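As recorded in TrEMBL, the features of this protein are as follows:
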type     : residues : note
DOMAIN   : 14-476   : domain 'Aldehyde dehydrogenase'
ACT_SITE : E252     : active site
Amino acid sequence: MVREQFQMLINGQWIDAKSGKTFESINPATEQVWGEFPFADANDVDDAVRSAHAAFESDEWRLMTASQRGKLLRKLGDLVGENKEKLAQLESKDNGKLIRETLGQVGYLPEFFYYYAGLADKVEGETLSLDKPDLFGYTVREPLGVIAGIIPWNSPLYLTAIKIAPALATGNTVVLKPSEHASATLLELGKLALEAGFPAGALNVITGYGLPCGDALTRHPLVKKIAFTGGSESAKHVIRNSAENYAKLSLELGGKSPNIIFNDADIDSAVNGAVAGIFAAAGQSCVSGSRLLVQEDIYEEFVTRLTERAERIVVGDPSHIETEMGPMATASQLAIVERFVDVALTEGAKLRTGGKRADIQSGWFYTPTILECNSNNDTLMQEEVFGPVAAVIPFKDEAEALAMANDSKYGLAAGIWTQNLAKAHRMIKGIRSGIVWVNTYRAVSASAPIGGYGQSGYGRECGIDSINEFTQIKTVWINTSSEPMADPFIMR
Ligand code: TXE
């Protein structure tokens, strides 16, 4: 098989790693190596960060008006839309995500660039109401400087767009590090950013592993903020590294999100919501509805219907439009899924369906799996699997559902299925998570903040809040008195 060769983007130039080393990317559906990428180390990271820093300090970027930056972002959004097919196919090949999912996700991506393009020239400070008659005060929101974007493999383009659009809109410059398992589309995005007219160095893309590349990037003294999406263990390293450069941090980590189905729910809708929650993206989504809490009087009916639908899911080649579930993105993710299912069975969970690799010759495919758990303390109810494994458990009443939902170290998302408006509101109020979906699941929008409670991370992406994440406040004091400033050592 022909291997595609990639270079990385530093200061507007396409280059190899200084060491000349490369690493391979494997197509999860075929297990064939298809691409080769520069293996960036601390030297390359230093070049990339310095290039972003120089761009940040340059007159071209510093003096560019916010509306001009907005125009560049709008152009980038247009280019992403025009290149939708190519980007969608590349992402599907690199991480095994379904083409029908990547087409949908990339097709919607321009909206994120347009949203922040529109916001760019609406970032404003405030006039302060000071308790000092001769002083006038106001605030301005200013960019931070170089932003490090650390991206995982599950939805690289989407998770990048929601970082770079607000970062660039507010006048920062960026060094992106894609996951070693899915680098290709971010390099394409780098190409489109240059084509859109962003100056050299405003957006750099370096390819490499967490160690040494991500590590060197997140501890670099010129990095002012780290926007990280990934796993909890890597996040701990990143938090420690941020102490080296006092960088601001936003962390979007894992979840064990409860999808709660009440006995008065529209069952057809709830089954579809449960399927979307756990089997979309083969469960490799931070907001997966991986804990299914079902009220006891509809429990058997619901689980039977869910099982029937799960068994009809078409697992296979992600590049075919009719396929409904693709492979695990990496061999290690497949091993993680297998391990969790083994642990669940050892702990006494009952297997309703799945629980094994799919019967497909090559590729890291797993079957849609439903396991009935005995207690919310079971490993499968508490730990993130990041695969197509639904942990199901019955509950008696609202109070028990809420207690189980909140008995988690995570708090990223939650789903509530009920026709009772008052009950939905009580649950919304009680649930500790950054997102609550009522009678729907996995909806996203550029204007809707995403982020977690607890160990799901902190900081918010998307929405107006994200502007605050990428800016800092300068407070300005102006003396308006006609009198000279008094000598501070003379008491009056
Ligand atoms: O993620 P990593 P992994 C969860 C999911 C999964 C687990 C592990 O449960 O099973 O995490 O996945 C970079 N300094 N999520 O190991 O390693 C890395 O190169 C700086 C949830 O693949 O966290 C990649 O670019 N960077 C999640 C990025 O971190 C480091 C999505 C994420 O990879 C680093 C993915 C270091 N020391 C996994 N070590 C979500 N929230 O959606 C690694 N990286």
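Heads up, the Cβ atoms here are built off N, Cα and C, so glycines get one too.
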Problem set entry | Neighbourhood of E252 (active site) by C-beta distance under 8 A, where only residues 6 or more apart in the same chain count | L159, F228, T229, C286, I450, G451, G452, S456, G457, G459, E461
Exercise. According to DSSP, which kind of secondary structure is E252 (active site) found in, if we only use helix, strand and coil?
Worked result: strand
Exercise. For the domain 'Aldehyde dehydrogenase' (14-476), what's the model's average pLDDT?
Worked result: 98
